[in-house]
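Quick look at what TrEMBL annotates:
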DOMAIN    11-191  domain 'Thiamine phosphate synthase/TenI'
BINDING   GLN41, LEU42, ARG43, GLU44, LYS45, ASN73, SER112, LYS141  4-amino-2-methyl-5-(diphosphooxymethyl)pyrimidine binding site
BINDING   ASP74, ASP93  Mg(2+) binding site
Amino acid sequence: MKSNRNINYGLYLVSDRDVLDGRDFIRSLEEAILGGVTLIQLREKNATSSEFYSLAVKVKELASKYNIPLIINDRIDIALAVDADGVHVGQDDMPANVVRDILGKDKIVGVSTATLEEALKATEDGADYIGVGALFPTDTKTDTRIVTLDQLKNIKENISIPVVGIGGINENNIKSVSDTGIDGVAIVSAILGKEDIREAAVKLYNDFARK
Ligand code: TZP
Ligand code: MG
């Protein structure tokens, strides 16, 4: 299956077990999927390889059940091990063309960017999509640069691949993000940090309204 075609980036859930406050991880991801999440990224910054792999096996099973693409943050080896749909890398990781050479041409490669230059470079390297942020202050990732909505719009207007906004997006600002014309929003805490995860996803999905 050519999994990097016709991907719906609309409501992109990025995982972080810390915001769950002890609630069950897989059950919480399932609630988010039932609320309308279109894509999941498994992001584990402190897990051992063994832990990361075990989680990836479980999340892959869940994502396959609902036919939702699974992207693995950083770890090409884990993506290959569980036959995930792709990998998301940052500016300090290997370039997108190298990631694709290792993963295979049908997989999805995403790159985090914060400037038009980085976005153009990721596009030239053959990324399938870019993440752009942080759009707003966030406690989920501390080492972020802020990208304004005007800068985001400028990137969107000059980039041919799908653009996904990230960082501090929530129910109060999602409409302003949607108005920039980007293809999707990537969210951690405004979904997984909420008491009713499913309801939070439903509202964000409806408010982004990217079809
Ligand atoms: N990359 C840029 S900001 C961010 C990541 C992973 C965190 C997004 O989390 P939240 O809780 O949606 O602000
Ligand atoms: Mg990285």
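Backbone N, Cα and C define each Cβ position, glycine as well.
Automatic, uncurated: that is what TrEMBL annotation is.
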Residue among binding-site residues ASN73, SER112 with least C-beta crowding, 10 angstrom cut-off: ASN73
Under 8 Å by Cβ from LYS141 (4-amino-2-methyl-5-(diphosphooxymethyl)pyrimidine binding site), counting only residues of that chain that are 6 or more apart: ALA134, GLY167
Assigned element (helix, strand, coil) containing GLN41 (4-amino-2-methyl-5-(diphosphooxymethyl)pyrimidine binding site), judged by DSSP: strand
Annotated binding-site residues GLN41, ASP74, LYS141, filtered by Cβ under 6 Å to ligand 2: ASP74
Binding-site residues whose CB lies under 6 angstroms from ligand 1, from LEU42, GLU44, ASP74, ASP93, LYS141: LYS141
Cβ-centroid neighbours of 4-amino-2-methyl-5-(diphosphooxymethyl)pyrimidine site GLN41, LEU42, ARG43, GLU44, LYS45, ASN73, SER112, LYS141, 8 Å, sequence order: VAL14, SER15, ASP16, ASP74, HIS88
Rounded distance in angstrom between the Cα atoms of ASP93 (Mg(2+) binding site) and GLN41 (4-amino-2-methyl-5-(diphosphooxymethyl)pyrimidine binding site): 16
Candidate with sparsest Cβ neighbourhood (10 Å radius) among ARG43, LYS45, the listed binding-site residues: LYS45
Neighbouring C-beta atoms (10 Å sphere around the C-beta of LEU42 (4-amino-2-methyl-5-(diphosphooxymethyl)pyrimidine binding site)): 29
Which listed residue (GLN41, GLU44, ASP74, ASP93) has most other Cβ within 10 Å, given these are binding-site residues: GLN41
Rounded to the nearest Å - Cα separation of LYS45 (4-amino-2-methyl-5-(diphosphooxymethyl)pyrimidine binding site) and ASP74 (Mg(2+) binding site): 9
Local confidence of the domain 'Thiamine phosphate synthase/TenI' (11-191) - pLDDT mean: 97
Structural state of ASP93 (Mg(2+) binding site), classified by DSSP into three states: coil
